[in-house]
């Protein structure tokens, strides 16, 4: 070996480890504080955000950080001894070498001796470090030192062998060779020992379920070996949730969010950066290293080919060295890629958890805007405004968060794209000189066009997001109110409304697709333009485009294609991500409730100074519903920094006067309220409908906006317990019960500890014991979403039991008696409100049943027009003579004096009922109403592929396959033409074969698939006579004479490639759009027409997940996956063809490696498929639970249950993030193994090619063909997995295409006559006949109705009575065919209802439900959604149900005296109102000072669910809606339960007048409502117990109806009314 080369090698072997030790020594020096501070500031982005010990502490609810003890961190003795002994031996050996070298003398001996001596010093450092710091985990500084020593040892030993084999220099003595070998072996042993140490030591206080990657060895971490057990399981069986290991505590939602929430930054973006800067920074830095390593592959490959072309022994040896270095650099690149992508995935997991948890946490603290109409939240710019409704908020979490979190996975391209362009440009400059930059100048000229398209993309993205929000809002209403839609047979019309919103979304999607195609064309054309112009300028300057220059430059142009396309794409994606972040931040900046309302905010630093009131009530308070407010100047939303928990909303009132409301209509207000409810007593709140009773309770809860000058006398401190064992907290039962889809028992407990005695007492006191006895699973019976499996009365009593069971000092009950019958109401009053469960508790009861509860009440409040008209102790009010006036106002007209309750032989059946939970119910597992979401197993079925292909049209796929073939031909033609061009300069007999892009693909693949540089295009020369293209070359002019001819052909090929690319994308997108439209329509139709039983047992979140995430995947991701897979498989096939045709022998090693790849791929595909399916199924509970929370957030806050709900949400997020993260780790597991197998295959093939059996050209062909084969397989495997992931969404959509459907809406052969049902036809005496009716909800469930038979006449008014759960509502549902009879039949006007379509049936009947729900829109939209009636008719029905009156005074006289002090006009005046002019009129309770009330007109906006109206008003609107239809058969299900008695009386008068020509079947709880009906049907346990006139039934001794009347407290009044009806006939 040349002494100079030997000296340089030894110098490098010395310099590398010495430099590291020197750098480590410098870092260990103590520096001045200023330097340390500057260093800390600069290293802040690299500081660990959340350590393992911190995460464990947060998991323990913020406990102290417990560090591992020294014993836990200490390394085992054998490990320390090994490191010290080997390092000591090396130090001694190199010291001896240094001394021997200096002593021997000779040239350069001093320098060699010095280098050996300092090598000895580095080993001394390696020996001291394990003693000074005996870490049990890998010491990365020592590992780096060992690796550098390994490189030096390889250099020394390799130099000796190279010198001997190439230059025939004699080998040194055997002792030296042995020393070199032993040195290499010792270093390798140190490295192996170090990389097999665990990365973390399981602390004594650690959870054994911590993520395995925290404690795996360094080698398993580098090779992802910790994934092996999961893949082994997934290869042979279907995985389940328990097979997947937990997330690391550093990635779990709870610790991540708590640490994130503790950060204080000026914007959400800065806060995200502070929390994730480490992941993003390391991700970007490692990607730069990855890019550099990418460009080493063509560097070494070029030199291998050059060495083979000149096969001297030295060049041959260098070729082997280059092959080895290429193998090493490729493997190093693969490892760097794994690490940089891991940091990106961890950042993505954390960002998802942070943002999803922040949205959920905000929902717990945000003011309740559920009553805000949608019109106040619209924004023409497409940005989300404050006051977002439920659908938009769920969309934020399901779509915006997911898409924004993906930015971490590509954000590195924003920085690395320009860097890669510069790196490739430098190489091109070395090849082409200044000509290389000519193309870049042309590229810069096209960037303004890119900028225009990019800006257009931002606008389109906003429009698409807004359209998607609108579609989801409509869908959310349809799914939430599907029962009402079915009642009125509006399915098809609402389907069309959703489809209209969908078409609007698809129009924006089409714009987005067209814009994307334009961008693709620009991105594809840009690199082609660069290469064409650069080569044209190069040959124009007189240069010859030799094969080496041609293929190397084309290779670099190919490699630069992706970063050039990524730069504008990244700008677009960044803009979209910023829009999504703004939408999220807008929501997070919405107003929050006061600290005293939210238990989460109550733990802030200033919570301790808030006043602790001794009273409970309001003082000088004026309150209004929460509204969206904007500043008068600039109309900008008030920005409250919600991430600052120390900030209280109590100061919000100071800004009220300076703001204007976006809703121009006057809103309801409570004015001048001063109430202090007596502690430990029962207080009753009463008043007319819409007088502010519910608002008063919400004010006590802090859920309304407090205007300046008032004060809410309320604070919650659950930790404080009084002498009676009650927490200083509140429990609340809303007027519309909010229940979770859990068991009845879980709903009652609501997170409280189980106390069996108390639980039994509560169940008995709330009259639930008989219901639980009837239910097969007792209190383990699962409640469906919104309590759909229970009757209205049962839901109300379960919510009541929940409020009673909680050991709270204050109990707020919003009209729980309205949903139960009089029998149950009295039972509740006597056994609950007067019982021991309510003793020593402050109970505020809103009710219209004043006469019932007044004897036991201590305090009374009467609300009128948003003010307190009367309040005081009941005894004092009686003494002042005010009590009788209140009772008169709140009770129906009664000529008799107050009737005292007379207990008689009938008794109360409920009082002797005891709670019995049968032993068999306790021992057997209760049936699940809401079944766990099913997921498919195995590979995606062909039927799924066929469904999608058929939906997008078979012709589309024929065209696509044709275009793919054309693209492959163009890809080969491009490389072949470059070969011909290069050969045109040749003067020898050699033939050059252009291999070009090893994938033989067009730019379609280059755009869709990013494959590591190891499989990037190569430019190889080959000499083989039988593949000579001399004949073809001779047919073209010489390149020296006509260079532009070759440039023109190359440009035409590029233009054709761009054209094919555009055609491919356009065809694919059109087919995808057609498939999206068809699948969505079929999905929507199937869900809407599904049976109510299926609707009841399927959570709304599960359905919404299909319509949001899965539909989005079908819209956006699936088309790209199919497109990429098609082109990749085409590349794979073309690679095989090239290998077999050109050089068959090279297929042998490829087949071996393909077999190994197949083994790996099967495990990956099976495992990843199960993981993505589990991710989809675990994602649904997040959104269904979130939607459930948004509906019941007031109840959750009232109970101070926010922490429990948030912790439950954390668990759900961890569950789905666990699947997502493990999937991506499995993806990386595949990548490292395929990279190794592929690189090894290339290396082996390269060694085979260097054997001399073939010349340079064939060697190049063999190597590049092997690359194409292996890496095409890698890409195909990944893309197949991605396709199956996307098809999982199609799978989930298809699952809902075959639902149990209701009977056909219309049966053409059996359509009823146009006049059916008619009250004057031949069936007048048998209008409705029920014959031996038996009904069960499902074949496996017991019958609910047992042999019911009766016959009703036309124009008859019939009451349907029975205890709660007796089957009243089921019978009503059966008449509408929501449940078909198991036995028997129902005839209406002589027609068996099962023989006609359900649309024909329901459209001819009218059903007024108990739970009156409204749609968003205007009041007119709710009365007549589809414009079937005139405005005059709509206003008329509002008057007839007493929703409107001519003016305030007339309203007070014609409906009821709003004030007990008002003069009463007993004359029965006719209500006059205009019919020709539609004008705004005031509500029924508009008083003298009506500024507190909104003006109601047909244009009055209605919020989703009608929450800006009271429950009574919603029932009046539902009644008005029924009046418009004027059906011959009308069914009312407790339709006036929430209105006061006076209004109920007026409505009953309206019913008698307006429904006189209709058969009216009323399900009622109020006996006064039906006492004057023609006949009554009394049900008991699903059977007809009594059926007769009211007079006969009330005189039936021992009868159920008589017992109800006796227990009502108004028996005499009812008896007289029934007698009067009997006399009147």
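Cβ coordinates come from backbone N, Cα and C, glycine included.
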Choose the correct range: of 48-70, 140-162, which one does TrEMBL annotate as transmembrane segment? Give that range.
140-162
Between 12-31, 212-231, I'd like to know which one TrEMBL lists as transmembrane segment.
12-31
Out of 954-973, 974-993, 994-1013, which range is noted as transmembrane segment by TrEMBL?
954-973
Looking at 1256-1277, 1278-1299, 1300-1321, which one does TrEMBL call transmembrane segment?
1256-1277
Among 1044-1067, 1068-1091, 1092-1115, indicate the range for which TrEMBL gives the feature transmembrane segment.
1044-1067
Remote residues contacting the transmembrane segment (12-31) - C-beta distance under 8 A, at least 6 residues beyond either end:
39, 115-116, 118-119, 121-122, 125, 141, 144-145, 148-149, 151-153, 155-156
Contact between the transmembrane segment (140-162) and the transmembrane segment (1044-1067) is defined here as three or more C-beta pairs under 8 Å separated by at least 6 residues; is that satisfied?
no
Residues sitting near the transmembrane segment (140-162): Cβ under 8 Å, six or more positions beyond its termini, same chain?
1, 5-6, 9-10, 12-14, 16-17, 20-21, 24, 83, 90, 119, 122, 125-126, 129-130, 171-172, 177, 180-181, 183-184, 187-188, 190-191, 194-195, 218, 317, 321
Rank 77-103, 109-128, 517-539, 1230-1250 by Cβ pairs under 8 Å to the transmembrane segment (174-195) and hand me the top one.
77-103
PLDDT averaged over every residue in the domain 'ABC transporter' (1328-1606):
75
